[in-house]
Amino acid sequence: NHTQPKFILLGITDTPWAQAPLFGLFLLIYVVTLAGNIGLMVLVWVAPSLHTPMYFFLTHLSLADVCYSTVISPRMLTDLLFGSRTISWAGCLTQFHLFALFATAECHLLAAMAYDRHVAICHPLSYATVVSPRACWQLVAWSYLVASLSALIYTGCTFGGSFCGPRRVDHFFCDASPVLRLVCSDTRGSEAAISALAAAHGLGTSVVILLSYGRILHTVLGMRSAPSRARAFHTCASHLVSVSVFYGTLFFMYLQPASRHGSRDKVASVFYTVVSPMLNPFIYSLRHQEVKAALGKCRRRM
């Protein structure tokens, strides 16, 4: 009664011939994720021209991407390479808690970024007073505070029961749904609490994002310059694609009934844990002229 159980992560696939190609693919994605996000954070830090609210939020988005990608990917790569898939109860709990924290923080940071762009495009004259440095720090602090409290609730609901029988987690990391399947006691209350909290965060922040970009598109339609309209539409479309991939897969995982979870969960999880952190720095920053100009200045200095 006083020993902590150990879990076995079944991983993405148990097919031997597929593990080496998947290891190479996910290793490349993880390296690109680290290089893109850490490179963006360093660039914003050293380039005075990027010391603006938009890149302040992007820096914290990159930090969240690096953190929760690092919580998932190294363990997954180790399992694919060596096949040692045993994880302790404490390790499983820690992995899930950190993932829940940074994934929830990312939802609120994306909403803050959308609000920042809405004020910048729709109310440019009041932008400096509305999105002040103090307001930026308050939005970021709120994101991490809410994420920390929510992660405690997620973790308590997921690991608060008694585990019995074969402790085989049918996933490549310790997520709520596959872990709750191993709990002996009734989990309907925990599942309802997790779904309600995920819906509150996901739907609340997604509404802010959709309303902000809706106002942006309405303002863009009133622009007289055709090139400006095309550039704004292109930027908004790329942002919405990234947000749709992230939120769509999260909603698929956490808002569907427990009885409908299956093998497709692993495919959906790959998008918001592996693919989305890699794409964000390219979609949100590295395509912008300000970032390209800052990169050029840094290259000339070096």
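The backbone N, Cα and C atoms fix where each Cβ goes, and this holds for glycine too.
Look at TrEMBL and you will find 20-47, 135-154, 192-211, 232-255, 267-286 tagged as transmembrane segment. Residues annotated as domain 'G-protein coupled receptors family 1 profile' in TrEMBL: 36-284.
Against the transmembrane segment (267-286), stretch 20-47 has more CB pairs under 8 A than any other of 20-47, 135-154, 192-211. The list of residues near the transmembrane segment (232-255) in space but at least 6 beyond its ends in sequence, with Cβ under 8 angstroms from a Cβ of it, reads 103, 106-107, 110, 114, 121, 175-177, 194-195, 198-199, 202, 206, 209, 213, 216-217, 220, 223, 264-265, 268-269, 271-272, 275-276, 279-280, 283-284, 287. Here the domain 'G-protein coupled receptors family 1 profile' (36-284) has a mean pLDDT of 86 out of 100.
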